[in-house]
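Here is the structure we will look at.
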Amino acid sequence: MEPVDLARASFLFLPLVLLGLLVFPGRPVLRLLLAVVAAAIVALVLPLWLPRGILTYLASFSTMAGIYAILSLGLNSQWGLTGHVNFGVAGFFAVGAFTSALFTTKMPEGALAAYSQQAFGLEWPFLAGVLMAGIIAAFVGFLISIPVLRLRTDFLAIATLGIAEVIRFIFQNERWLANGPQPMRGIPRPLDCLFADPACSWLPARVANWLAPLSPRDYVFFYLVVVALIVAVVYLALERIARSPWGRMQRAVRDEENSAAMNGKNVTLRRIESFVVGSFIMGVAGAVYAHYVVSIDYSHFNPLFATFIVWVMLMLGGSGNNKGAILGAFAVWAVWSGAAFVIDMASPALRAISADLPSRGAYLRWMLVAILLGGIVLFRPQGILRERKKVSDFLPKDE
Amino acid sequence: MSMQDTPDDAVGRRHDDRSLRERIGAALRSRVALGVALLLTLVVFWILGQRNGASLSDLLSLTVWGIMLGGIISLGAIGLTLVYGVLKFPNFAHGALVTLGAYGAFTIASFLPRGPVLLPFSFGWELLAAMVLAMPAVSLVALVVDRVLFRPLRQRDASLVLLAMASLAAAFFLRSSIYLIWGPDFLFYYPGRANPALHLPLGIRIQADQIFVFVLAMILVALTWLLLERTRMGKAMRATADNPDLAQVRGINTERVIAWTWVLGASLAAAGGVMYGLASQLRPEMGFWLLLPMFAAAIMGGLGNPVGAIVGAVIIGIAQQVSSSFINPAYGPGVAFVLLVIVLVLQPQGLFGKGGD
Amino acid sequence: MIHTCSRPIWGGSMALLDVQSVTAGYGDTEILRDVSMQVRRGEMVSIIGPNGAGKSTLMKTIFGLLHPREGKVFFDGDDISGLHPYQIVERGMCYVPQVSNVFTELTVAENLEMGAFLAKKGDISARKERIYDYFPRLKERRNQRAGKMSGGERQMVAMGSALMLEPKLVLMDEPSAGLSPKMVGVIFEQIKKINDSGPAILIVEQNAQLSLQMSDRGYVLASGENRFEGTGEELLNDPEVGRLYLGG
């Protein structure tokens, strides 16, 4: 095994452990043991088995799927937990992405300032940017929730769809805020000096040597670790919340709003809380996305990529089930990415139908996702994984 | 129909022992208050426009253009509100029907012989013919979507959320079909053909096409009203919207009523799409951009109430156009959204909606 | 344990409506079990029984709003189990539900027209006039929205709409529910008048005394099964029925 592959394998280890913990059944200690052993084996085997290019693709695929998993978890905390129909995921995603970008980038100076404008640039570290993204998105969610959450489900769906559009319009048209219609570039990637030559100065020599064979192209392996950790944190937090008294109350509000209200629960406040929690998570997802793609503009946050597909993910995986939210994100993203290959391969056939069709292949993927959602709604509205009605750890399971 | 609704100011007069705060809250949430708030918004928009240096004739022109835009929005909003009333879910695919109508007419017109330009308008008979043909074509699409997607859900008594989700799927399916068939580029019914503005009294400038669009919209709206008020199927639609279970009990074949609702809604949407395309250009997203104003108009007028939807559409059209005198015109749908929020906060039943107080 | 007083002839031309051993319910719950009953032409039949006995469910099953799991419903000789309500209306049966039985947004006249949705277009105004003869009050208010009317007036609109097609059988679900005692009298008088003019009437009532007095026959339904049947008078005088269901 060459040093390059070994170094790449070392980055794969942690995400694989987390994946193992998620899928293996059994008691915690046993699970951990199983997950570590399995992750070690897979992390070593994958680089030997797969060509380097494919492995890099797999890492970047998992990174994007992981970002969608965060979004899908955020949506689940609103829809699955409290029954809010938020058709404006894209808005909160965008707020998170641009917030983190503003907090972590440098204010453009000199000649650059003529081309690139932004409200401010604080050069804060990555994690601070992510946190601010969550906070600002949560704040936006809070502002919106006051007038809107009293409403019927259908009005909420329409209103949130509108909010996302308005947010996108703002980022599209307000040049001073985040460079308007032009992309906001140069969003820093956390610790990208790990992959530079020479590596970060503070790095111990042994680690630097270990990483030396890697090029900046391999950065995605590190970012996969970051994304996996954030997904894990969000997942654990949501699972804890779901089992807490607060989570039980949320489900009570969702299923039996009137009786929850009659039991003295402040229903409106509960609904606002869960909406804010979901907005926070979506904001975090936005930040993670921004630091991954480095350059963002309003068009990234259109309803298809950032709202519709997330709903498909959650519906497919299973509303109300956090594992399902993650599973759905990976499955739909796999369909979406896989469709690109298939359509690419089918392009001669498409050309035979119409000369324009191969260049419009991307829209076939849209269609595929739309059909997927239609199919889910018609044939399996509960998704792959059903909601587990877990009331408390101290009660036996009801299944 | 519900136009005879007396505004619910009884809330204020009723003998009551509620606290002052509650009474103020109730008064604020009445229909009168909503009407006043909407009117005030328009006045504020006018003043803001004037502050930004727009002359009186500019503002008048914008207002007239707003009424024209309202005509287009109302064609979509009527269909939306009817579908909402009869099928009881927000149809997010309605915008896609608008787009489909515009593009369908484009293709149909390209097969028709091009006639002379009907001065002072910029189009010929072929576009009108294409519009008339596009209406049943789009209706057919709507019926197929209903048969494949909504009907099975309906028979299963699916929840509103699932139906809304299904309509979202339909919206994206139709939109991607439009992209696949016609491509992402802008299209024009008559590329490069100008339609110079006419000068009316009071310094109002307006294109003949705009007047045509408005008049045609009003004719279609009037026909729809007649259909709903005077024909058997129209009354059955209103009855089904009012009480679907009772409609069944009375021997109304509700599936047929639903089918006619789709035909009516889709035809109006298609006509609206053609007019929108004539007023600007054809873009695959045009219907999606209209979706927010259409929903705002339908909710403002009271869901299920076609006359209300027209009033709402005109208010929103004026607000959108006048607002462009002081903010970036790109925010048009945003303005519709702000009005929508005002309605939802003050009186979610809308100006002429049934029920509630 | 069916306490039979007078056994109608099964099927045949005598029974207009023949419910044969019907079992029905919602979802997993079975509400009606093996219920049989008949209505003959021109007859007025009451179904009485305590709350939750399945009276409304029986009505809905007869009318096709609910489909029987077992058993069959025959109307005028045809098997109508499994048909849609509009197909049943076509065959001459109409139904007056207990609640929300008028189109509140439609005017009185429009409500009546909707009752005759299946009728030929020409004679609708004649049919309306006939209903106005029954309920002169509706004529005065024909252009008023039904939602703005009182409970008794709404009941008249509901009954009038059901009569527009000149049905052979009218099902009525608790016509007296929520009305003032005076109005109950008026409504029952109307029902009797309607019955005398031709159509058979099957009525479900909480107000058992009154409806049995007026009915030719009655059935007592309890816990989803029919327990007693007989002429109105027989049931009124039956000590067990009296003790259990007539409150005295």
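Each residue, glycine too, has its Cβ placed from N, Cα and C.
Copied over from TrEMBL, here are the features:
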- B:28-48: transmembrane segment (TRANSMEM)
- B:60-85: transmembrane segment (TRANSMEM)
- B:92-112: transmembrane segment (TRANSMEM)
- B:127-149: transmembrane segment (TRANSMEM)
- B:161-182: transmembrane segment (TRANSMEM)
- B:211-228: transmembrane segment (TRANSMEM)
- B:257-279: transmembrane segment (TRANSMEM)
- B:291-318: transmembrane segment (TRANSMEM)
- B:330-347: transmembrane segment (TRANSMEM)
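Contact counts against the transmembrane segment (B:92-112), taken as Cβ pairs under 8 Å, peak for B:127-149 among the stretches B:28-48, B:127-149, B:211-228, B:291-318. Within its own chain, the transmembrane segment (B:257-279) has Cβ neighbours under 8 Å at 68-69, 71-73, 75-76, 78-80, 82-83, 86-87, 94, 97-106, 122-123, 127, 130-131, 134-139, 141-143, 146, 154, 189, 209-210, 213, 216-217, 220, 224, 227, 233, 236-237, 240, 247, 286-287, 290, counting only residues six or more beyond its boundaries. Remote same-chain partners of the transmembrane segment (B:211-228), defined as residues 6 or more beyond its termini with a Cβ less than 8 Å from a stretch Cβ, comprise 1, 67-68, 71-72, 74-75, 78, 121, 198, 234-235, 237-238, 264, 268, 271-272, 275, 278-279, 306-307, 310. Per-stretch counts of Cβ pairs under 8 Å to the transmembrane segment (B:60-85) identify B:291-318 as the leading one among B:28-48, B:291-318, B:330-347.
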